[in-house]
Each structure stands twice: as structure tokens, then as C-alpha cells.
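Everything below concerns the one structure shown next.
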Amino acid sequence: MNGTEGNNFYIPLSNRTGLARSPYEYPQYYLAEPWQFKLLAVYMFFLICLGFPINGLTLLVTAQHKKLRQPLNFILVNLAVAGTIMVCFGFTVTFYTAINGYFVLGPTGCAIEGFMATLGGEVALWSLVVLAVERYIVVCKPMGSFKFSASHAFAGCAFTWVMAMACAAPPLVGWSRYIPEGMQCSCGPDYYTLNPEYNNESYVLYMFICHFILPVTIIFFTYGRLVCTVKAAAAQQQESESTQKAEREVTRMVILMVLGFLIAWTPYATVAAWIFFNKGAAFSAQFMAVPAFFSKTSALYNPVIYVLLNKQFRNCMLTTLFCGKNPLGDDESSTVSTSKTEVSSVSPA
């Protein structure tokens, strides 16, 4: 055994060394040099300083500008809410624990932090799925003409929270558990142990299949079909400037959406899967810590991709930041509502 399992923790260091200590009671400087914990704290502070203003500004701008309160934008706001949850209840806790060098908030704090971080990440992921399905239905028209209404948007938002709770809540009630991971400064589901008391293996398989592989498959399928449909429409209207512009916008958005998600979450999912299928194998604290903390950057990717690339959102943000005047001089009233809505107009009849 190359790790030490204790009460609600697993340390990737054999107890034969005599160094392993509870991550709830002692600094974990035997796992990594103190400067690495300080560097981690600086990194989390950086994410907090960027993540909270970006997501908070998204919510503020939407509240101030009625023209942004359109059905499709509800999902974008849902992404900002998820990002805000991750920043407030995940990043701040990790910043505090990294400064101390161990999870000073104890098992209960670990469970809360792990739950909130998982909940925020899953809400964001399933929001992307809802956006993907909406685009597929509106543009590819598998159901004929379809108008995305406010009721559909609210149902989509509710769906994201139900699915996120279905993933994040089980460890709180005994199906698996949240424990410190990596450098023991943040918490996540228990991929590490075979503890039959918590049925860890069944939960991890459920989470990987239903809350990672399934949503990723849906996103790839729907956006793959979307790109093909837009390309076909563009080929039939070679002289249509709006169609060509829509094709470029869709292609750019698809690439950024897929890359943003894969860059943020695939390293973490891959390492977690390796640890799960190789229980007891030797690995360093940094081996899990690096992808775990890198995945947290997704709280920054989403508002940048889904809001800052949206011209109407961008203009409204500038108007809010500059006290009612847009320094770029763009006329908001003439701006197309969203690049996504613009794409709808090029779907084949």
C-alpha cells in the first residue's frame, strides 16, 4: 500500500515512513515544500480576484439591462451563478487552507467545500448541455419549427440544478464521501479507497458515466450536427454575407466551447480515473493537485466564452462599467441579440 487511509482522509504516502498525519490537524509540509502551498494560495487568490468580478458583473449587467433578460440568456446567467458558487464556496476555502498548509476546517468543512465545488462544476457542465441541445433543436430542426421560450429556459435551468444535485449530494448521505485530495487543501469525491462502507466504486462509476461521459457525448453530438447544418446552409447561400458570418461565429464558438471544457476538466478526469483503476499505486500529492486546481479555471472560461464573445452582453457591460456610456460607440439597439440567435436565422427551412 503506497498511501495512508484514515478517518475521512487518504494521504498518498505510505504510513511506513512515519510521516503521515491527519490533514485536518497537521500541516502537510511532508507532502510538498511550504513554498508550494504558498504558491497555491497565490494562484487561488488570483482566481478569486478574476472569477468573482467577472461572474458578478455578468449577473449585475443582466439585472440592469432588460434587453438581456431573454430566454437563452437565462442559461448564460446560470453559468455565472455556478461560477460564483465555485468562487465563493470553493476558491475562498482553498485559499485559506493553502495558507495554513492543511485542511484546517475539519471533515465537516471538507464535505461542504467538496459539495459546493462539485455542485458549481456540475451546474456549469449541464448548462453547456442545455445550450447544446437548444442550439441543436433550433438550428437543425429535428422537431420542426421551435421557439425557445422563457418556460423552456427555466426548465433548462432547473434541469441543470437537479442533475448537479444528483451528482454532488450522494457523498453527503453515505454514498461515497468527500475527502482532501492532492496536497490536502481542497476536497473531492473519494476516488482513492475501496472502503465498502461508502460504496465508493459504484459512486465513482456512476459519476464518470452519468456526469462526465454522457454530457460530453451530448455536447459533441449536438455541436457536430450544428456545424454540419450551418456549413450546408452556407453552401446553399454562397453570396449571403450573414450566413458566412454566422458560420464563422458558430465555428469559433464551438471550438472555444469544446476546448474550454476539455482543457479545464479532462486532465482532472483522466488522473482521477487512473487513480480509481490503480488503487494503491504510488503517486505524488502534486500528481492530483495540479489537474484538480487547474480545473478550477473553468469558472473563468465560461463567462469569457459565453458572455464576452456575445456582442450585446459586451456592449451592456461597457455601458455599465462606464456609467451609462459605451466608449466604443456601438449602438446597442442595432446589435443582434446574441451570436447564437443570429445563427438561428441560417438554419435550413
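Along the chain as shown, the residues are counted starting at 1.
Keep in mind that glycine also has a Cβ here, set from the backbone N, Cα and C atoms.
Owing to the predicted nature of the structure, the values given are computational and were not obtained by experimental measurement.
Swiss-Prot records a disulfide bond between Cys110 and Cys187, which is the match among Cys187, Cys210, Cys228. Relative to the membrane, Leu13 and Ile112 are listed by Swiss-Prot as lying on one and the same side. The stretches the transmembrane segment (285-309) and the transmembrane segment (114-133) are in mutual contact, each linked to the other by at least three Cβ pairs under 8 Å (pairs 6 or more apart in sequence). Cβ neighbours within 10 Å of Cys187 (disulfide bond), excluding its own Cβ and spanning all shown chains: 34. When Cβ-Cβ distances under 8 Å to the transmembrane segment (153-176) are tallied for each of 37-61, 74-99, 114-133, 203-230, 253-276, the top count falls to 114-133. Same-chain residues lying 6+ beyond the ends of the transmembrane segment (253-276) with a Cβ under 8 Å from its Cβ atoms: 121, 125, 128, 188, 191-192, 201, 204, 208, 212, 216, 219-220, 223, 226-227, 283, 287-288, 290-292, 294-295, 297-298, 301-302, 305, 309, 339-340. Helix, strand and coil residue tallies for the topological domain 'Extracellular' (177-202), in that order: 3 helix, 8 strand, 15 coil [DSSP]. The stretch from 74-99, 114-133, 203-230 that makes the most Cβ contacts under 8 Å with the transmembrane segment (37-61) is 74-99.
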